[in-house]
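*Asks:* Below are the features I grabbed from TrEMBL:
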ACT_SITE  Asp65  active site, proton acceptor
BINDING   Thr7, Thr8, Asn9, Ala10, Gly11, Lys12, Ser66, Phe141, Gly142, Phe143, Asp144, Lys165, His170, Arg171  substrate binding site
BINDING   Glu36, Asp65  Mg(2+) binding site
Amino acid sequence: MRLTFVTTNAGKAAEVRSLLMALGIEIGVRAIRLTEIQSDSLEEISARCCEEAYEILREPVFVEDSGLFIERLNGFPGPYSSYVQRTIGNAGILKLMAGEENRRAYFRSCIACKLSDGPVKLFSGVCVGRISHEPRGSGGFGFDPLFIPDEGDGRTFAEMDVKEKSAISHRGKAVRLFAEWLKLAR
Ligand code: ITT
């Protein structure tokens with residue numbers, strides 16, 4: 001079965017592809033920009049995007065929606081992470097967090113998959129950590145230089161290689177659940 005990941009984010013595509021390859025699942029990647037509805041729920045956003053991707057391609061597809069939720073900012077940027085990354089970027093986030101003691105944050109990932117005309121299936125993962133005081137590392141993408149996962153050793157995601165990051169990341173967790181289901185569904 002051909003399975004296509006629809007994303008315009010090359011960093012996400014690389015992580016998901018290498019995670020699934022290691023589990024014996026090959027995917028294609030299509031960079032189609034889908035309509036992202038405004039919603040506080042990653043599940044709702046990814047499910048709608050998945051329906052749209054399936055309508056366009058008429059073949060087994062999945063999408064992934066993710067975001068960084070900062071406690072002190074009441075969950076901002078959350079579902080708006082992509083827009084915030086493109087506009088104020090990591091420097092803007094650090095400015096908003098200047099002088100803040102509470103730096104707790106988490107990443108969430110939600111994968112939505114549709115193999116046939118049936119319902120969309122959802123898989124999610126969370127990675128809890130904190131926002132650093134300055135950007136560190138050159139790996140990964142997006143907010144990686146700012147995020148220090150609790151399950152790590154004090155390094156930011158951007159200071160880890162892709163395997164180290166995926167072993168504990170929100171996306172790694174969601175992809176492993178997805179892969180388990182795929183193996184049964186295929
Ligand atoms: P697609 O919708 O085309 O897949 P996108 O980048 O717009 O690409 P999202 O809407 O899911 O994807 O945006 C999530 C944003 O959250 C992403 O652009 C990053 O800025 C950030 N993000 C998500 N996961 C991340 C991670 O593992 N490391 C760093 N930043 C991450």
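Cβ coordinates are placed from backbone N, Cα and C, and glycine is handled just like the others.
TrEMBL entries are annotated by machine, without manual review.
Values in this document were obtained by computation on a predicted structure and should not be read as measured data.
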*Asks:* How big is the gap, in Å, between the Cα of Gly11 (substrate binding site) and that of Asp65 (active site, proton acceptor), rounded to a whole number?
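*Replies:* Computed Cα spacing between Gly11 (substrate binding site) and Asp65 (active site, proton acceptor) is 13 Å.
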*Asks:* Determine the Cβ neighbour count for Gly11 (substrate binding site): the number of other Cβ atoms within 10 Å of its Cβ.
*Replies:* 15
*Asks:* Check the recorded positions Glu36, Asp65, Asp144 for other C-beta atoms within 10 angstroms of each C-beta and report the one with the most.
*Replies:* Asp65
*Asks:* What does the structure give for the C-alpha distance between Glu36 (Mg(2+) binding site) and Asp144 (substrate binding site)? Integer Å is fine.
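*Replies:* Asp144 (substrate binding site) has its Cα 22 Å from the Cα of Glu36 (Mg(2+) binding site).
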*Asks:* Could you measure the widest C-alpha to C-alpha distance across Thr7, Thr8, Asn9, Ala10, Gly11, Lys12, Ser66, Phe141, Gly142, Phe143, Asp144, Lys165, His170, Arg171, the residues recorded as binding substrate, and give it to a whole number of angstrom?
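*Replies:* That value is 20 Å for the farthest Cα pair.
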*Asks:* Given the binding-site residues Thr7, Asn9, Ser66, which one is most crowded in terms of C-beta atoms within 10 angstroms?
*Replies:* Ser66
